[in-house]
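*Asks:* Once you've had a glance at the structure underneath, I'll fire off some questions.
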Amino acid sequence: MITSIDIADVTYSAKPRILVPYKTQWEVASHLPEYRKLAERVEFYKYEMSTKDDFVKFLETHRINGFWLTEEFFTVLGNPSSYIEFFPASLKVILVPWVGCDFIDGKLLRSKGITLCNIGPHAADHVTELAIFLAISCFRMTSFWEYCFKYVENGNVEQCKKYISSDSYEIVTDSYHGQEMKFPSRTDKCKPNKDRKVVHLAEKYTVGGKKMESPMNKKVLILGFGSIGQNIGSNLHKVFNMSIEYYKRTGPVQKSLLDYNAKYHSDLDDPNTWKNADLIILALPSTASTNNIINRKSLAWCKDGVRIVNVGRGTCIDEDVLLDALESGKVASCGLDVFKNEETRVKQELLRRWDVTALPHIGSTVADMVIKQTLITLENVQDIFVEGGDGKYVLN
């Protein structure tokens, strides 16, 4: 039986064809038996990326039924949205092996008969792990201590202890880039010994004037209460006995679906939504309604010394306002895995602050996730191209 015919430079196969782009890394767990079994029914077309022009020519001359996106695609060829007008009529689905899809217009795809699928709620555990790490860092100032221990005091534990109860700063030079930055002073450098007073640590357990405390028994406001937000709430409640409050754009979650008590807030313009939180965690997508949710007005309603974690999207925070709030102490510290302008250059003022834990968008970046996202994307492929369904996790 003939299953493919070569015409010019184009090979037409009888199987549904799933485009999988790569250049220097292969992001699909193709060693899995599930992949190999499904490869008997569909063709996983490995496309080696080169230039944007070459990719456009490829789209114009090849039949593609599915497009399995990879992170490397963004690095090499840019946003896939810029190629929508070149997508062949045969394209039936865009397969996104992660959660966030705000980089592409799902409604526009649907108007062209293209389904947009992601991996549903299956990244929640790994993003939650990072959110908890960032929350701990915010309360315990672990990023400051690590930097201080490794690069300032060169492993001298006793010298590190001299930062406790400090409330003044000095300008130091970043050992990596040679840039100046503000950094807490050691207490033995703040004043001459004869002028120093005995410090009551129970009242002033601070570094740089900012309190170090346990996350136990605190109140958290979670903005965005889908699968990730709910999982974060569950873990913070179980591990730290935190009181959970949340905002969800589509309304409250049924209490029977949660294994903990959580207070719902319906209005972000109500000061009562913000006033009790010791910690705010953002797990929101990037939309017009979530843009700059953390702003001057919302922070004014917060407690002094509130702490902020963002594992959603960088567009949700007005970064200039956040910097001002960190400087004034309105925000004690923050943990950020996402930023504005990630495609170009993240705001350097944030990266140089001692009270910011900054990570390069690694919410679900673990080896386990490569396996998991492959298996779930295969479920979408199986449902659409073998079983004739619409896809397991459809977004549009």
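Cβ coordinates come from backbone N, Cα and C, glycine included.
Annotated NAD(+) binding site per Swiss-Prot: S227, I228, V311, G312, R313, D337, H361, I362, G363, S364, in sequence order. Annotation source Swiss-Prot lists active site at R313, E342. As annotated by Swiss-Prot, active site, proton donor applies to H361, with the evidence given as similarity to another entry.
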*Asks:* In Å, rounded, how far does the Cα of R313 (NAD(+) binding site) sit from the Cα of E342 (active site)?
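*Replies:* Distance between the two Cα atoms comes out at 10 Å.
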*Asks:* Among S227, I228, V311, G312, R313, D337, H361, I362, G363, S364, listed as contacts of NAD(+), what is the widest Cα spread in Å, to the nearest whole number?
*Replies:* 18
*Asks:* Including all protein chains shown, what's the count of other C-beta atoms within 10 A of the C-beta of H361 (NAD(+) binding site)?
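*Replies:* By my count, 17.
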*Asks:* Need the DSSP three-state call for S227 (NAD(+) binding site) to compare against my parser.
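*Replies:* SS state of S227 (NAD(+) binding site) = helix.
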*Asks:* Between S227 (NAD(+) binding site) and E342 (active site), find the distance joining the two CA atoms and give it rounded to the nearest Å.
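*Replies:* So the alpha carbons of S227 (NAD(+) binding site) and E342 (active site) sit roughly 24 Å from each other.
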*Asks:* Where E342 (active site) and H361 (NAD(+) binding site) are concerned, what is their Cα separation in Å, rounded?
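*Replies:* On Cα coordinates alone, these residues lie 9 Å apart.
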